[in-house]
Amino acid sequence: MLELRNVSKTFNANTINEKRALSGLNLKLEEGDFVTVIGGNGAGKSTMMNAICGAWPLDEGQVLIDGKDVTRLPDYKRAAYLGRVFQDPMMGTAADMEIEENLAIAYRRGKTRHLCWGIRAKEREEYKELLKTLDLGLENRLRSKVGLLSGGQRQALTLLMATLKKPKVLLLDEHTAALDPKTAAKVLEISDRIIAENNLTALMVTHNMKDAIAHGNRLIMMNNGQIILDIRGEEKKKLTVDDLLRQFSVASGSEFSSDRALLS
Amino acid sequence: MEIMDLIRALPGSVAQGLIWGIMAIGVYITYKVLDYADLTVDGSIGTGGAVAVVMMLAGVNPYVALVCATAAGALAGLVTGLFHTLFGIPPILSGILTQLGLYSVNMRIMGASNKAINVNQYDLILSLRDIPHAILVSVIFVAVTIAVLYWFFGTEVGRAVRATGNNANMSRAQGINTNRMKVFGLVLSNALVGLSGALYAQYQGNADVNMGRGAIVIGLAAVIIGAVLFGKIFNNFALRMLSVVFGAILYFVVIAVVLWLGLETTDLKLISALIVALFLAVPYLQGRCRIRRAGKGA
């Protein structure tokens with residue numbers, strides 16, 4: 001469903017700040033795979049997400065979605081295939097627009113926008129039903145400005161928006177990192193449900209090892225812009241945090257270094 | 001200092017406010033909706049005036065001239081938009097470049113720095129000779145402008161333009177070509193500015209190459225005065241645009257008062273700058289006071 005072939009990216013090449021963020025990264029996701037991504041600071045997790053989205057041109061390599069080479073497509077064209085939820089709850093929604101307007105914009109992802117009215121009455125009913133499933137009381141606030149919502153509500157709404165038109169791949173980039181633990185758990189639960197119900201292919205970056213183990217059917221660990229561990233199936237089900245830390249030091253030859261990952 | 005002098009001047013201020021209000025709505029689209037400080041305005045308002053007057057002097061139907069002036073403004077916006085999106089020139093600079101270039105273009109269109117059009121010889125849409133009529137005509141233009149924009153910003157494309165100004169990241173993630181939407185917004189905005197220039201040139205009976213100097217400040221003044229005075233009560237998008245027009249009218253009323261108090265017309269640029277600075281400062285200072293008071297309460 002999603003394939004990264006030998007993807008490399010260096011930031012600030014030929015300067016003192018040169019940083020090789022991805023070096024020859026290879027990854028293949030099968031349809032229905034729910035992959036959690038974990039790694040230390042600067043391992044290349046977010047860079048990989050940005051490479052998939054097309055935030056900038058790659059130095060090397062290819063990105064394929066559903067067998068189609070999208071390497072040269074700009075980000076807004078790739079959006080037809082991708083649903084995205086960002087780390088910052090402010091980033092995924094338009095604060096000065098109403099909840100239903102945000103949903104209506106997401107409803108038209110991958111479609112040419114015309115000079116016809118932007119929301120149809122029929123859609124509103126659909127949005128109401130979907131918002132009801134979030135269980136956050138948003139179904140009665142269709143006309144509220146999104147800026148009035150809490151961070152957790154905004155992330156839940158962004159999740160809906162990312163999956164309103166079924167994406168080929170759902171990308172969750174530390175989407176619960178900015179939320180308090182209770183809200184984070186709730187948003188994760190919603191993510192799990194939406195992914196399962198729609199049988200989505202998903203990639204979730206997290207700094208929380210427990211979450212990485214508890215969710216999805218496959219776990220990859222990154223270090224220095226490469227994938228150093230790829231655990232799936234039965235093996236993943238039996239995984240513990242200690243296993244992960246041990247496997248990390250074996251695979252990378254160093255200690256796992258992420259303050260946030262160890263503290264949480 | 002007769003109060004009657006001031007009262008006699010007010011209808012003219014209202015007419016000017018309504019005409020410049022159309023331009024101010026254009027500024028609202030770039031400054032507030034698109035979050036793009038577009039300085040093309042100072043040039044494109046003159047372009048609108050020049051195209052309209054020159055065409056009418058050549059015997060073209062005034063409404064056809066108006067449409068052409070609007071299109072000329074749109075073209076100016078397109079140039080700014082392409083400077084920014086195609087060549088990566090920062091927003092303010094791309095507007096300044098277009099504005100500077102338009103000075104020469106406007107001179108070429110008119111062949112002189114000023115072209116007069118006499119209301120007695122030509123069939124003008126409005127003129128300061130008949131201010132009540134001018135007010136009526138400009139009210140109609142304002143109403144139609146607001147109605148059309150209200151519709152446009154409710155369409156799929158219009159909402160995409162608003163989303164682009166509100167959150168470009170989210171917009172691209174939802175498949176919106178944000179560069180194209182910025183160009184759309186700039187074209188639309190400057191089309192209105194061109195229309196406003198065409199109406200204003202007829203109102204004052206001439207097009208002048210300097211008529212747009214400082215127009216952006218007047219537009220911003222209208223947007224900001226409207227937001228400060230009516231922002232709390234006008235929540236609907238159409239009412240927001242209306243508040244911009246009210247802001248423009250109030251601006252010209254203030255100018256009339258200042259003139260009545262005995263200042264020279266050449267002092268007006270300074271006054272305009274101070275009015276905009278004042279109204280920009282008000283929300284900021286209010287916010288700071290609130291923080292200080294909250295601090296004391298704690």
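These residue numbers are counts, starting from 1, taken along the chain as shown.
Backbone N, Cα and C define each Cβ position, glycine as well.
Annotation source TrEMBL lists transmembrane segment at B:12-31 (among others). Long-range neighbours of the transmembrane segment (B:12-31) within the same chain, counting only residues 6 or more positions beyond its ends whose Cβ lies under 8 Å from a Cβ of the stretch, are 37-38, 41, 45, 126, 128, 131, 134-135, 138-139, 141-142, 145-146, 149, 185-186, 188-193, 195-197, 199-200, 203, 215-216, 218-220, 222-223, 226, 240-241, 244-253, 255-256.
Residues or ranges marked as transmembrane segment in TrEMBL: B:51-79 (among others). Beyond the ends of the transmembrane segment (B:51-79), by six or more residues, the same chain brings 38, 40, 43-45, 98, 101-102, 109-110, 115, 117, 122-125, 183, 186-195, 197-199, 201-202, 206-207 to within a C-beta distance below 8 angstroms of the stretch.
If you look at the transmembrane segment (B:86-105), the same-chain residues 6 or more away from its ends with a CB under 8 A from one of its CBs are 36-44, 46-47, 76, 79-80, 209. Per TrEMBL, the feature transmembrane segment maps to B:86-105 (among others).
The annotation transmembrane segment is assigned in TrEMBL to B:131-153 (among others). Outside the transmembrane segment (B:131-153), and at least 6 residues removed from its termini, the chain residues within Cβ reach (under 8 Å) are 11-12, 14-15, 18-19, 21-22, 25, 29, 33, 125, 159, 161-162, 188, 192, 195, 199, 203, 237-238, 241-242, 245.
The transmembrane segment annotation in TrEMBL covers B:183-203 (among others).
Taken from TrEMBL, the feature transmembrane segment covers B:215-234 (among others).
Tertiary proximity for the transmembrane segment (B:241-262) is limited to same-chain residues at least six positions away from its ends with a CB under 8 Å from its CB atoms, namely 1, 5-6, 9-10, 12-14, 16-18, 20-25, 27-28, 142, 145-146, 149-150, 218-219, 221-227, 229-231, 234, 268, 271-272, 275. The transmembrane segment annotation in TrEMBL covers B:241-262 (among others).
Long-range Cβ contacts of the transmembrane segment (B:268-285) within its own chain (Cβ-Cβ under 8 Å, at least 6 residues beyond either end) map to 214, 217-218, 220-221, 224-225, 227-228, 251, 254-255, 258-259. The feature transmembrane segment is assigned by TrEMBL to B:268-285 (among others).
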